[in-house]
């Protein structure tokens, strides 16, 4: 099976936040107020050397979140996507501490500052519930992978800076770009 | 023609104005180096983002990834060993060595040793401590040692309840720890005779050259003192790291700080757990007549003379010895 990855080409990202909006819209009610699974970070904003990258869960092959979770709520799909089971999540926040990319998020509304269920990017492939079920939609949002489609953020990227798909295919696309224009280490992957 | 000159003149003015602006910035600008950009990102460079979520301005938080293995490969089995391993070792030790009996039996005369307040702060710390060990073991090691043997639904509710109990019980534990540490420290100061106590392992070994030895001990013997100071120190570490983890909204620790707290919390838990098992064994099984102290607050006179001779002599001499009515 494929190994799904995101890649963001920092030479193409124009910080339009279209991916953020696409994600929010696609996963609608699963994203509670204040949670955004994807964000665009601009380094050296307004200075020479400014570069923007779109960051979300990178679906690591050796995912640190998976290693620290006391409830063992994470699992890897056959596409190499890291998903989590919200029914198991205890809201301890350890995955947020362990994740290098700040992907896991919690809504803060409990007593003593306790956290709710963790939410993060699912690579638009839902959760452990039955594909396209009400429960899956409510907890995890969209499941485009089950429909044979790629994540909405990458599909709607206007400059095709953000690519999603099988690691090999995605890096071939990027390599072809580099062959034409250079900047071989401009990719966030 | 005139118009043309105006345009050329304007272009000249603009050209020199641009030059003059450039002259204000003496530093020659380096060409953009992507390698440098990634190096900066890996060092934790932050940027601008519209996201309001925690830590979102930093694309990469760098930390030592060995923390992950430390937790799963060392701390989780370590806490299992500190609980079950110590129980097995101590049970075997007692089977081989036998318990420490009172040589002259029970005298029936009970000597006042602990006040009712002392007993209550002991249990204020002790009962939460036991629940914290069990729930903490679930949170640290449960996924390796329990989850494979139970259903998914049971595991989900078990670990969730475990976390709730762990968070709640932390508070009576910390209060008990604070009171015990502050109020009991005066009786726990190390003395020279404590060294001799260690040399004969407290007189608890019933064979070889150690048999029948009764080293001197004051109100607390050297082993109890060691437990007290270990508990005081690691109780502080476990309380501080626990508070950091339970109130991230108050302390706002960095992610790396939280991971360090997590490791310190686990290390402290292993040490406190191992000592707790020894402490419980000593009080309930090993030392005949020892448990009375933390139930009634009185100990048998023969127990006092056998295990805490210096303390007994002292209270007898200064007249503070009180018998139970």
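Each residue, glycine too, has its Cβ placed from N, Cα and C.
What TrEMBL says about this one:
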type     : residues  : note
DOMAIN   : B:113-291 : domain 'Cytochrome b561 bacterial/Ni-hydrogenase'
SIGNAL   : B:1-22    : signal peptide
TRANSMEM : B:74-100  : transmembrane segment
TRANSMEM : B:121-145 : transmembrane segment
TRANSMEM : B:165-185 : transmembrane segment
TRANSMEM : B:197-214 : transmembrane segment
TRANSMEM : B:226-247 : transmembrane segment
TRANSMEM : B:259-282 : transmembrane segment
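Residues 71-72, 75-77, 79-80, 83, 114, 155, 158-159, 162-163, 165-166, 169-173, 175-177, 179-180, 183, 266, 269, 272-273, 276, 294 of the same chain lie 6+ residues outside the transmembrane segment (B:121-145) yet bring a C-beta within less than 8 angstroms of a C-beta in it.
The list of residues near the transmembrane segment (B:226-247) in space but at least 6 beyond its ends in sequence, with Cβ under 8 angstroms from a Cβ of it, reads 167, 170, 173-174, 177, 180-181, 184-185, 188, 220, 253, 257-258, 261-262, 264-265, 267-269, 271-272, 275, 278-279. Most Cβ pairs under 8 A with the transmembrane segment (B:259-282) among the ranges B:74-100, B:165-185, B:197-214 are made by B:74-100.
Long-range neighbours of the transmembrane segment (B:197-214) within the same chain, counting only residues 6 or more positions beyond its ends whose Cβ lies under 8 Å from a Cβ of the stretch, are 97-98, 100, 221-223, 286-287, 306, 309.
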